[in-house]
Amino acid sequence: MSSTTNSPTHHTSTIGAIGAPSRRNTELALLLFAVVIPVFAYANVGLAINDQVPAGLLGYGIGLGLLAGIGHLAVRKFAPYADPLMLPLATLLNGLGLVVIWRLDQSEKLQASKTFVEAAPRQLLYSAMGVALLVAVLIFLKDHRVLQRYTYISMAAALFLLVMPLIPGLSAPTYGAKIWIKIPGLGTLQPGEFAKIALAVFFAGYLMVKRDALALASRRFMGLYLPRGRDLGPILVVWVMSILILVFETDLGTSLLFFGMFVIMLYVATERTSWIVFGLLMSAVGAVGVASFESHIQTRVSAWLDPMREYTLSRTPNGDGLVHSEQAMQALWAFGSGGTLGTGLGQGNSDLIGFAANSDFILATFGEELGLAGVMAILLLYGLIVERGVRTALAARDPFGKLLAVGLSGAFALQVFVVAGGVMGLIPLTGMTLPFVAYGGSSVIANWALIGILLRISDTARRPAPAPAPNPDAEMTQVVRP
Amino acid sequence: MNKPLRRIAIFCGLLVLALLVRDNWIQYVQADELRSDKNNRRVTIERYGTPRGNIIVDGKAITGSKETSGTDFKFKRTYTNGPMWAPVTGYASQAFGANQLESIEDGILTGNDDRLFFRNTLDMLTGKEKEGGNVVTTLNAAAQKAAFEGLKAQGGKGAVAAIEPSTGKILALASYPSYDPSSFAGNSTTTDTDAWQKLQKKVNPDDPMLNRALREVYPPGSTFKVVTAAAALENGLYTDADGKTKTPLPWTMPGTTTVLKNEGNIPCKNATLRVALQYSCNTVFGKIGSDLGNDKMLEEAKKFGFTEELYTPTRTSASVFSDDMNPSETALSSIGQFNTAATPLQMAMVASAVANNGTLMKPYMVDELQTNNLDALERTTPEEMSKPLSAENAQILQSMMETVVGDGTGKNAQIDGVKVGGKTGTAQHGVDNSENPYAWFISYAKTDNGSPVAVAVVIEDDNAVRDDISGGGLAAPIAKSVMEAVINSKK
């Protein structure tokens, strides 16, 4: 990879390569907070609901501490120069998510539901599996560039994962969207969460090879570089795929996420703004086109425009054949009732949201019980993870690593935006989970893996480069970029 | 590749910023609106999260709160003798909201009123659970019981309103048929919803949830002649009870060829006001109305409280006396027919103003608002509403009304050792008077210490024949027992 050897000297504004401190002790100190804060929150919930420190406090504290500790040791051993913020941020979000899931487990109203299961113990198990996967990534993925070899295998895997929910027998449609599959005896799985990573790997590998063609072979027209017709192929394929997801799985969120991720990576790879313009146009055309005949999406849009009307419709049978949900309005009420400082953990009524209160709508519970202050803090935590991810991309020395890091961070940012924006009524609601916080095994495990890959890239990026061997032919072998 | 990367970083920052702005919008700017939205169940959850304060009559609570096993609501409203008190309390239901006093004084009853803020803060500091305050009413339990039992025994639809003339305190407020607000106080989708639906007007033609004492207007019939007599005296048309009026018999209404009829063969030709009221002469009072004209009649009716809604604090319907009538229509209106219509409370106010020597006190039913440990937060002071007639004219009218009870159509309301003045009435209604007539009786009692009670009773009954005896026969006994109950409770 010729271009990688000379790139550090160009990136003077990013992290200096020589003598960078490993920052592992910073990470350890931050992790301490990331464990202690949720433990206090857990005690807080118990005191508010049952007037006593919950019996499971010690176990919970030790469990979360162990997860954080194992993660930290693995990073210290296998990725010593990795970004010091990501692990503590993810641990804190995961810990707070566990607390709120446990808090919702205590709700009598949700317990009365037929489908109620205690979610917190399962989520703790999923978190452990997630951290295990993170450790596995760190151990077995010595260099992220290895992933480049699996570009097309990743594509096949991603397509398979995306198609899985449509396979009869595996499919488990829930409330309109078909993004779950059933694994007999194990529960349900959202393959889309894993497809996100596989697709990022594929796009990074593909674009790294094709980016020059995509960037340079174009005509200028009205200030925009118009790509050649045959170069439009890949974006068209991804676009069609997104549309198919939208049509067959009726899931706006996943569709938007994948297409958005591709456009971001394409833009970074080619440095051509025209791709953004094309991407926006195509997603607008796709979304509007599909929404014109898909009633599930129309309902979501009308619920977004007038949640109160949707609430009334859900309360009065009107026989229009559509499924109306009061959840959008219930979520808004939860946020509004929380106000600036919230009711305090365990003292709100966000269980009124009912179904999916601890998954898709979990942010509403944060909103009601921790208030504006709490939600802003959570959003900033997400913002920090994303920005550390983009910073990793900046620091990375190889284009594949850059593309992969920005793809994963961008997808993460889009996912947070789509979920949080949906729950808060900023955009139409789509069924997706808030990374690390929401209840759901696929989401937690996949996002821990995502953090693992970002840690690996950042480790490679920040690792002091071996002193370059004196090269007698330096003058003659300057690389000329094509 | 770093330039687009930096732009992507900014883009991601903007996404987070958009979320932050939106969060501020819903959790700060719109927070109050969302929090207090009537469909937001948290409002009800809070209302029933603490024991609700009580509505109190004669020192005893007529409401209660009991702990429930529901997942949302910790407490549920209970009512003692619910059907009897329903026109006073209204209802407070977890599923169906609240009305009347339960709704108007909700802030005090739940303890959320700003005036309870200091108390709540103290309670919070001392670790006491928040509790609602109490609403002390002016009602008289014995009078209310007499009114409700009387209506119940009678069996037809009807209402009773009783006032203390010197203050305007409402002493009794009964409506029949009634409903038990306990029956739908909870939020069970089976029992409570069922009970609620059975009470709705479209299912139940008796409309038991209608507060007839305050919210239904009935043609007052001959009881309105008291107002007409007051107008005659106040406008100087006639100056005493025993001078002859200029009333031919038969009397043809001006501008028409219709003869206004009296009920039966009664001595109405040029009858004195006293005799005319005693026998309930339509001709005499019809002619007074037409002689005075629409404006003067309306003015007097307004002084008694007609045409205005009243807040006791429960809202009453406005009683009706039209302002665009020709002399013959005014004549009919002046005997309580045509468009004239009044709530039972309105007619009790008429009797009350006469009994209180011409001064009408504003009727009210909340005496005091209290904190949960019985400290007064607010007391209602009696307030003069208007002066429909002078003291002299009021006394003339009193002597006339006392003749009605002593020697006329209202004999059934006589009470030993107490001066009682009253007026009967029977009003026709419906197209061609096809529906059941209303039997009316309004009266007041007078002891050495002034008048303790004025009362109005109305009963819708198919047995009420078209003569005035009906008011005396059906309604007067109930008025009598209500007055007796008040007088006895003062002893």
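Note that Cβ sites are derived from N, Cα and C of the backbone, with glycine treated the same way.
Residues or ranges marked as transmembrane segment by TrEMBL: A:28-49 (among others).
According to TrEMBL, the feature transmembrane segment maps to A:55-75 (among others).
Same-chain neighbours of the transmembrane segment (A:87-104): 27, 30-31, 33-35, 37-39, 41-42, 45, 49, 60, 64, 67-68, 71-72, 75, 110, 119-120, 123-124, 127, 130, 345-346, 350-351, 357-358, 362, 365-366, 369, 378, 381-382, 384-385, 388, 434-439, 444, 447-448, 451, 455, counting only residues six or more beyond its ends whose CB sits under 8 Å from a CB of the stretch. TrEMBL lists A:87-104 (among others) with the feature transmembrane segment.
Positions annotated as transmembrane segment by TrEMBL: A:124-141 (among others).
Look at TrEMBL and you will find A:153-172 (among others) tagged as transmembrane segment. Only residues 6 or more beyond the boundaries of the transmembrane segment (A:153-172), in the same chain, are considered here, and those with a CB under 8 A from a CB of the stretch are 147, 178-183, 188, 191-192, 194-195, 198-199, 201-202, 205-206, 241, 245, 248-249.
What TrEMBL records for A:192-209 (among others) is transmembrane segment.
TrEMBL lists A:230-248 (among others) with the feature transmembrane segment.
Here TrEMBL flags A:254-270 (among others) as transmembrane segment.
If you look up TrEMBL, you'll see A:275-293 (among others) marked as transmembrane segment. Note on the transmembrane segment (A:275-293): residues 224, 227, 235, 239, 242-243, 246-247, 252, 255-256, 259-260, 262-263, 266-267, 301 of its chain, located 6 or more positions outside it, place their CB under 8 angstroms from a CB of the stretch.
What TrEMBL records for A:361-382 (among others) is transmembrane segment. Long-range Cβ contacts of the transmembrane segment (A:361-382) within its own chain (Cβ-Cβ under 8 Å, at least 6 residues beyond either end) map to 89, 92-93, 96-97, 100-101, 103-104, 327, 330-331, 334-335, 337-350, 353, 412-413, 416, 419-420, 423-424, 434-435, 437-439.
Annotation comment: TrEMBL describes A:403-430 (among others) as transmembrane segment.
Sequence annotations record features per position, and here TrEMBL assigns transmembrane segment to A:436-455 (among others).
As a quick check, the transmembrane segment (A:124-141) and the transmembrane segment (A:28-49) miss the bar of 3 or more Cβ pairs under 8 A, pairs 6 or more apart, so the two do not touch.
Packing against the transmembrane segment (A:436-455) from elsewhere in the chain are residues 75, 79, 82-83, 86-87, 90, 93-94, 96-97, 100-101, 119, 122-123, 125-127, 129-131, 133-138, 141, 144, 147, 187, 189-194, 196-197, 358-360, 362-363, 366, 378, 385, 388-389, 392, 404-405, 408-409, 412, 419: each is 6 or more residues past its ends and has a CB under 8 Å from a CB in it. With pairs at least 6 apart in sequence, the transmembrane segment (A:28-49) and the transmembrane segment (A:192-209) have fewer than 3 Cβ pairs within the 8 Å limit; the two do not touch. When Cβ-Cβ distances below 8 Å are used as the criterion, the transmembrane segment (A:28-49) is approached by residues 56-57, 60-61, 64-65, 68-69, 71-72, 84-85, 87-89, 91-92, 95-96, 98-99, 102-103, 106, 344-347 of the same chain, each at least six residues removed from its ends.
Beyond its flanks by at least six residues, the transmembrane segment (A:230-248) meets 159, 162, 166, 178, 206, 210, 213-214, 217-218, 254-256, 258-259, 262-263, 266, 275, 278-279, 282-283, 286-287, 289-290, 294, 297 of its own chain at Cβ-Cβ distances under 8 Å.
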